[in-house]
Every structure is written in structure tokens, then in C-alpha cells.
Amino acid sequence: MVLYNIRTMSATFILHGCWSIDVPPAVGSSRLFPKLLSPLFTYNHKLHPVLASISHSSAVDHTSSHSISHHSPTESSLILIRHGESMWNEKNLFTGCCDVPLTRKGVEEAIEAGKRITYIPVDMIFTSCLIRAQMTAMLAMTQHHQKKVPIVTHNESERATTWSQVYSERTTKQSIPVITTWQLNERMYGDLQGLNKKETAERYGKEQVHEWRRSYDISPPNGESLEMCSRRAVAYFKDFIEPQLKSGKHVLVAAHANSLRSIIMYLDRLTSQEVTSLELSTGIPLLYIYKEGKFSSRGSPVGPTETGVYAYTQSLAVYRQQLDEMSR
């Protein structure tokens, strides 16, 4: 059962009386987001599922029954994956926050992404609330050599928490918690959502549509700009994902072009001009190594036989060796 205690506009979340997380007042504050979106994303009940999920994940023992020692207090891996092709990608429609699934090609891309990261450790998964990102994460993990089962945490209500509780310690050790959050959603395209991109360019002009799609601080009608998307995505990354990496956990983030652009802008210290030209292919994983407070980009792993990936850090090399020994 999750108990909530709100004090001075901050929060302490307690799980089963022993695990807790203190949430700073800035998280979820309306000052982070424009008035346009404030009716959709209010502080009170919308953030409870996210924060409670983090508390739940902190309580999970991520070591397997084979006791793989791949954690390091100063070194961890971060995998970023843009979802595979969606049905609206295929139709060339503005998708934004509309919730549509993957195409057959998108499924294949997600599976291929999983093959590329099969020997890179994963302790936690963060995805958006949109099905195309969640499908990508789940399908990718079917290929992972670790053979752990990703389980979506449900803390949107006390009942949801109780009904989705896992009561087997052994099963918990063989699982990976999946945290879903709207802060990692694609940017909201407002009045453009569902419109054909080519037809929209013919109606409003190519220059206007290009400005809506690729400028940093100009938003489409009633939608989000990349800057607005960046505020929520980066704030969430700093407050909830980065602390997990600092603690030595290895994290997979499956999200969208613009929420991932925002995070990469933060990781690589890109300018607003540089980030607008950043292209992310569907289903291609990107690897970062967190070490001593710094993020190092390692590009995209080619596959499980690529020796260079495991030469990046000692912990990844040891982790792969242990997995190989387990499979013999």
C-alpha cells in the first residue's frame, strides 16, 4: 500500500512502510509548463502514479538468481530508443500525443533494437504513456540475453497498486520494472494531430510547416514547441532517471523523436540550433555511459557480436562475460 504525505508543497512517498522518496516541489509544478497544458497536467493526482512508481522500483531487488555483479557506484549505461514505425508514421500523419500502435515494420524495428542491446544490462525501463513506445520497449526486451520479464508498474490508485502487486520474491528478482510517464510523451502537435503532412504543407505552405516542425521555440496552433517539450522531458530526466543512473542502475528509455531530442540536447549540451537538426531514426538504440557525473555518447550498438561496445567500460565487459558463462 502506498501512503502519501504532502508537506510544504513537497512530498514523501512511502511503500510498504520502508521505501520512500522525497519529491521536490518543482516537480510537476505548473511553472514548468505553459498555461496551454496546465488543465491536462495538474500536480495533485497526475503525478502520484509516476512518483509512486519510482518508489516501487526502488524497492525491487534487480539482481538475478544467478547474482550477476554488473552494478558500479560510478558507472552505468543509458540506452535511448525511439519507438519503431507507427501506423501514422506509415500514413505520413502528424501523430503527437495520439496513441497509435506500431506497424509490422515497427515491430521488426523494435525486435532488431533488442538484438543490438542484448548484452547491455537493463535494470529499469522508462517509457512514455503512449503504446508505440511501450510496445517498442517490450518487444526489444524479448531479445535480451538477461531473460528478465518487463512488468509495467501501476500506481494510479491504491486499488491498482494492490491488484498488480507481485508476491513472489523469486519472480520479482526475475523482473524489470517499467515506469510509464506522460513527461516522456511526444510533443503535442495541437491542431495538426491527425493531419497529413504533405497536405498540411500544401495548405499552409512548406515554410510555415517546416517552422512548426523544426524550430525550437515556435509551436504549431494549440500545440507544444520543442522548447516546451524539452522543459517537461528534461525535468523528469533530471529528477527521476538520472538519480537511478547515479545509483548504479542501468536504464532503458523508450520514447519519441522530440522527447528524446530534448534529453540528448541535455546530455550532449547541444544548442537550440543544433538540436533542431538532430535526426533520430525509428528503432535505433543509442548508448550513453554515465561515469563520475558525466555522460559519454557511445553511438549506436550494431549487435551482440560488436566487441567495441563492451570495450567502452569494464563493467559492461564483465557483465557480458558473466552472461556468456551462465548460458553455457
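Keep in mind that glycine also has a Cβ here, set from the backbone N, Cα and C atoms.
Source: prediction; values computed, not measured.
Around His83 (active site, tele-phosphohistidine intermediate), the same-chain residues six or more apart in sequence whose CB sits under 8 Å from its CB are Leu102, Gly106, Ala110, Leu130, Arg132, Ala133, Met135, Thr136, Ala254, Ala255, His256, Thr282, Gly283, listed in sequence order. Taken from TrEMBL, the feature active site, tele-phosphohistidine intermediate covers His83.
Applying an 8 A CB threshold to same-chain residues 6+ apart, the list for Glu186 (active site, proton donor/acceptor) reads Thr95, Gly96, Cys97, Ser128, Leu130, Cys229, Ala255, His256, Ala257, Asn258, Ser259. The annotation active site, proton donor/acceptor is assigned in TrEMBL to Glu186.
What TrEMBL records for 82-89, 95-96, Arg132, 186-189, Lys197, 213-214 is substrate binding site. All protein chains included, Arg82 (substrate binding site) registers 26 other Cβ atoms within 10 Å of its own Cβ.
Around His256 (site 'Transition state stabilizer'), taking its Cβ as the centre, 27 other Cβ atoms fall within 10 Å, counting all chains. What TrEMBL records for His256 is site 'Transition state stabilizer'.
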(request) Quick one: give me the count of other CB atoms within 10 A of the CB of Arg187 (substrate binding site). (result) 25
